Amino acid sequence: MKQILEKYFQSTNIIIVLSSIVVLPFILISVFNNPSADDFCYSNYGRDLGYFGLQKEAYFGWSGRYLPTLILGIPNLISGSFVVYKLVPVLLLVALFISVYHLSSSIFSTISKKNKALLAVLVTALYLLQMPSPTQGFYWLAGAVTYQLSIILALFMFSYIILYVNTKNIKFIVVAILLSILVIGTNEITLVLVNLIYGFTCAYLLFINRKLDKGLWLLFAVILACSAFVLLSPGSASRATSYPGNQQFMYSLFKTIKATKRHLGDWLPSIVVLLLLFFDFFSKTAQKIKTPRVFKVKLVFPVLIVFSFLILGVFPVYYSLKWVPFRVVNEVYFFFLLGVFYLAFVLFFKLKEKKKTFVELSKWTRIGLWVLVCFRLGGDNNVRVAYSDLISGKANAYNKALNTRYTIIKNTKDDKVIIPKLDVFPETIFFEDIKPNSKHWINSCYNAYFNKAEITYKPIK
């Protein structure tokens with residue numbers, strides 16, 4: 001009996017079970033998701049301007065981010081009962097897991113599929129647990145394809161870069177180049193972070209080898225060209241001047257430092273606890289694993305790069321907008337999370353080569369850390385909120401209320417429609433509703449989508 005219990009209560013099994021519990025509500029709640037804000041706007045633009053007309057209008061009018069516009073302009077993406085819209089978060093969650101798994105596979109060619117899956121589900125769960133806004137990360141389409149999709153594509157891109165460096169197979173660099181074109185076109189923060197990571201990688205390889213492979217040079221040129229295409233677009237220039245009082249250096253620096261301190265306090269403790277538990281298991285199975293090439297670097301350089309994510313990820317946004325949307329912080333957190341895992345692996349393999357132990361937990365230390373994990377899961381976090389939205393019926397009531405709205409709008413022949421005001425707001429999936437001011441841009445997009453002159457809500461008695 002003792003052996004059976006020890007088998008099923010190994011750290012690896014507990015991590016997989018708890019991580020699955022973390023991910024599950026975010027998949028289930030997608031059934032109740034509905035479009036909002038920009039989602040309706042892009043649907044209108046695609047309908048009124050045509051698919052290619054929208055691309056031109058966006059690039060020259062308000063944004064150089066070409067990939068989100070290419071996706072959001074797809075005809076009938078937001079239509080009918082919004083089935084496709086409800087599927088998108090599930091597809092993104094699955095794609096996130098696969099992208100982390102693929103990255104793990106490109107680095108560790110000899111570890112088991114179970115260990116790769118363990119690493120992928122752990123990273124995914126930690127991201128969902130602590131990301132500032134699941135709503136803006138997965139459930140609001142305009143935000144999801146701009147930021148969350150960029151993370152997924154970037155992971156695949158880095159995977160193929162690693163495969164190319166290790167094998168020199170030309171097909172891998174071709175795929176990496178194609179992915180880089182997509183990645184750079186998502187948003188400016190991804191653009192900055194990808195240029196930083198890849199620029200450092202090229203500089204390091206150039207320093208070590210005294211030369212750089214032609215394929216890597218070509219990829220570097222494509223990344224720079226796409227970056228220029230985004231940043232120098234008329235739409236980006238217009239966007240930069242649309243926020244009065246921005247571009248204040250000292251204000252942006254102060255806010256960045258303050259945000260960095262807060263983010264470290266919010267994110268790092270849980271990451272460290274789960275890293276200790278992960279490496280307590282991993283160190284027992286990694287004795288025969290040779291140090292992957294990607295971890296053969298001096299620790300000081302990646303430390304500087306990883307912690308610079310916290311600064312370079314938010315400073316440009318404070319400078320441009322004077323505030324940082326949660327969807328941006330989501331991305332900064334993910335890159336920081338992955339970066340801390342990378343640093344831990346670098347340190348682990350450096351100590352392993354010196355025949356030293358990275359981490360070896362006693363039985364009671366391990367139990368104590370699992371107790372901390374349980375307290376974290378039971379505290380104020382995204383997972384608890386997601387389960388609450390499901391179990392309390394908030395998500396279902398929200399979906400029913402919106403379906404009632406859609407029916408009223410569809411059955412009303414007048415150009416002016418009065419709809420019930422929402423009185424339930426599931427935090428996990430709710431983003432924006434129409435405003436009391438019928439001239440607000442969200443209302444305008446809502447009106448145009450349903451082909452009405454004015455849609456307003458009646459107050460709740």
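Every residue, even glycine, has its Cβ placed from backbone N, Cα and C.
Database features (TrEMBL):
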TRANSMEM  12-32  transmembrane segment
TRANSMEM  82-103  transmembrane segment
TRANSMEM  115-132  transmembrane segment
TRANSMEM  138-163  transmembrane segment
TRANSMEM  170-186  transmembrane segment
TRANSMEM  192-208  transmembrane segment
TRANSMEM  215-233  transmembrane segment
TRANSMEM  267-287  transmembrane segment
TRANSMEM  299-320  transmembrane segment
TRANSMEM  332-349  transmembrane segment
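By the Cβ criterion (distance under 8 Å, sequence gap of 6 or more), the transmembrane segment (215-233) is not counted as touching the transmembrane segment (299-320), fewer than 3 such pairs being found. Looking at which of 82-103, 115-132, 192-208, 299-320, 332-349 has the most CB pairs under 8 Å to the transmembrane segment (12-32), the answer is the stretch 115-132. When each of 115-132, 138-163, 299-320, 332-349 is checked for Cβ pairs under 8 Å to the transmembrane segment (192-208), 299-320 comes out on top. Using the rule of three or more Cβ pairs under 8 Å, pairs at least 6 apart in sequence, the transmembrane segment (267-287) is not in contact with the transmembrane segment (82-103). With respect to Cβ pairs under 8 Å, the transmembrane segment (299-320) is most closely packed against 332-349, considering the stretches 82-103, 115-132, 138-163, 332-349. With respect to Cβ pairs under 8 Å, the transmembrane segment (332-349) is most closely packed against 115-132, considering the stretches 82-103, 115-132, 138-163.
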